[in-house]
Amino acid sequence: MLPPMALPSVSWMLLSCLMLLSQVQGEEPQRELPSARIRCPKGSKAYGSHCYALFLSPKSWTDADLACQKRPSGNLVSVLSGAEGSFVSSLVKSIGNSYSYVWIGLHDPTQGTEPNGEGWEWSSSDVMNYFAWERNPSTISSPGHCASLSRSTAFLRWKDYNCNVRLPYVCKFTD
């Protein structure tokens with residue numbers, strides 16, 4: 001039998017081992033974010049702790065990101081998981097539009113100078129741990145340096161695109 005003082009430390013050690021084991025086995029942490037407990041402005045939808053809105057008035061990538069930054073903690077959407085990607089896809093598809101591409105917050109400020117496409121980053125500065133490229137831009141002879149969601153992939157996959165083209169866009173923000 002363990003002395004009373006050892007019980008909390010053993011419990012903590014067991015919990016730490018279980019958490020480490022789930023990471024080592026490659027088990028994805030929670031697939032779906034908890035249901036939203038935030039209120040979002042009209043025309044936007046909640047997912048996790050953020051609001052998301054699709055804007056159909058086309059803008060260049062830079063102008064779209066600047067428009068998103070006018071909202072609290074806003075940027076063009078960063079897609080950080082497959083579950084979030086599915087949510088954004090359903091948001092874009094729920095509002096009928098004739099566009100083939102929609103801006104997201106991924107861009108390559110190095111304009112392809114980093115090897116193997118490593119210059120890509122989210123405008124929100126979120127860490128890139130999830131990738132959903134339609135085709136890896138480092139394998140394309142003349143890639144664009146901004147990313148869009150592509151209708152041909154049901155708005156689930158990313159495609160590099162010319163940053164100056166005017167497209168609809170998705171903002172992610174808090175409210």
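Glycine is no exception: its Cβ is also placed from the backbone N, Cα and C atoms.
What Swiss-Prot lists as disulfide bond is Cys40-Cys51, Cys68-Cys171, Cys146-Cys163, and the listing cites sequence analysis. Taken from Swiss-Prot, the feature domain 'C-type lectin' covers 47-172, and the record attributes it to sequence analysis. Annotation source Swiss-Prot lists region 'Sufficient to activate EXTL3' at 103-118. The feature signal peptide is assigned by Swiss-Prot to 1-26.
Feature annotations (Swiss-Prot) mapped to structure.
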| residue | record | DSSP class |
| --- | --- | --- |
| Cys40 | disulfide bond | coil |
| Cys51 | disulfide bond | strand |
| Cys68 | disulfide bond | helix |
| Cys146 | disulfide bond | strand |
| Cys163 | disulfide bond | coil |
| Cys171 | disulfide bond | strand |
Distance, Cys68 (disulfide bond) to Cys146 (disulfide bond) (CA atoms, angstrom): 16
Of the disulfide-bonded residues listed as Cys40, Cys51, Cys163, the one whose CA lies nearest the CA of Cys68 (disulfide bond): Cys51
Cys171 (disulfide bond) as reference: those disulfide-bonded residues from Cys40, Cys51, Cys163 with C-alpha within 10 Å of it: Cys51
Cys163 (disulfide bond) versus Cys40 (disulfide bond) - Cα distance in angstrom: 29
For Cys51 (disulfide bond), nearby residues of its own chain (Cβ under 8 Å, 6 or more apart in sequence): Ile38, Cys40, Pro41, Ser44, Lys45, Arg71, Lys172, Phe173, Thr174, Asp175
Residue distribution over DSSP helix, strand and coil in the region 'Sufficient to activate EXTL3' (103-118): 3 helix, 5 strand, 8 coil
